[in-house]
Amino acid sequence: MLRAPAGSVEQRDEEQEDEAEEELRDGGVPFYVNRGGLPVDEETWERMWRHVARIHPNAEALGKETRGATDLPKIPIPSVPTFQPTTTIPQRLEAIQKYIRELQYNHTGTQFFEIKKSRPLTALMDIAKEMTREALPIKCLEAVILGIYLTNNMPGVERFPLSFQSHFSGNHFHHIVLGVHCGGRFGALGTSRREDLMFKPLEFRTLMDLVQEFEGAYRGYWHTLRKVRIGQYVSHDAHSVEQIEWKHSILDLDKLTKEELRKELERHTRDMRLKIGKPAPPSPTKDRRNSMGSPLRGQGSPIRRISRIERRPSGDKKVLEPKSAAEINGYQIRV
């Protein structure tokens, strides 16, 4: 929770990114994550209010007024969007973004849902379901998981994580949105304190155009965009055990010219297209895994690989020995 010396800021950033916890700081200001699930336990609840007391200008009066009130207005619960078959993809994405907005951005300093980036997709989708049930305010990383969940039944829409690191007044700021691609156009879903750092309609012809749109928004807030991290397309299989590839390409804007950046983004776009043609195999169910005949290989049984010496050259043909009539008659053809 303490600030590190200025010389170690970059090293600390890289270490936290390796641990997939860069979302635990916002401009050098740390925030908490609710790791105890819902409903929130007493310890997490009190810690959240103590944190609010430190960051809010009128925290003491606000805390007494809110926590002691018995007639607080009931907060409406947003409805998860449903679509008719005739609803177009842009209209569906706008409805999903509207739903994310209605959940509101979480300003409490405590993230209510714990998102571990190393977890399999199926586990993250379970958390997204919980978000729709609880209808609590969310932060940007939670919005990405929720966006994936709400677009899983849109096979024509490809989704990928798109994260940014900006610099302002000596601090690094991290933000992430869900990039979307459909019909040859790019866009984005997400949430942010800033209106122009989340939703982008499907109107950007290239990934470069989309990144430049975000870069322009950052400039409007006197932020310098330093790094862009782009993941691979996310599977539409909500039960997949594969992990989301969050950082397939890491682009340092301080070291790349505009043309070099364009080439890197074009290369990444080609990489994503290649993945569409290579879907991951379906995950076996528990019963199917238990019924598989092949026993698990023990630790002491290394996988044997055929060396080049053992392999038969492609030009050599194996000579088949003639079989006797008795042997041939002994075979049966089974259908």
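Just so it is clear, glycine is given a Cβ too, placed from its N, Cα and C backbone atoms.
Sequence annotations record features per position, and here TrEMBL assigns region 'Disordered' to 1-27, 267-324. Here TrEMBL flags 12-24 as compositional bias 'Acidic residues'. The annotation active site is assigned in TrEMBL to Cys140, His175, Ser192. Summarising the annotation, TrEMBL assigns compositional bias 'Basic and acidic residues' to 307-321.
Annotated features taken from TrEMBL, shown on the structure.
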| residue | record | Cβ neighbours (10 Å) |
| --- | --- | --- |
| Cys140 | active site | 24 |
| His175 | active site | 26 |
| Ser192 | active site | 17 |
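With respect to their backbone Cα atoms, Ser192 (active site) and His175 (active site) stand 8 Å from each other.
Note: the Cα of His175 (active site) and the Cα of Cys140 (active site) are spaced 7 Å from each other.
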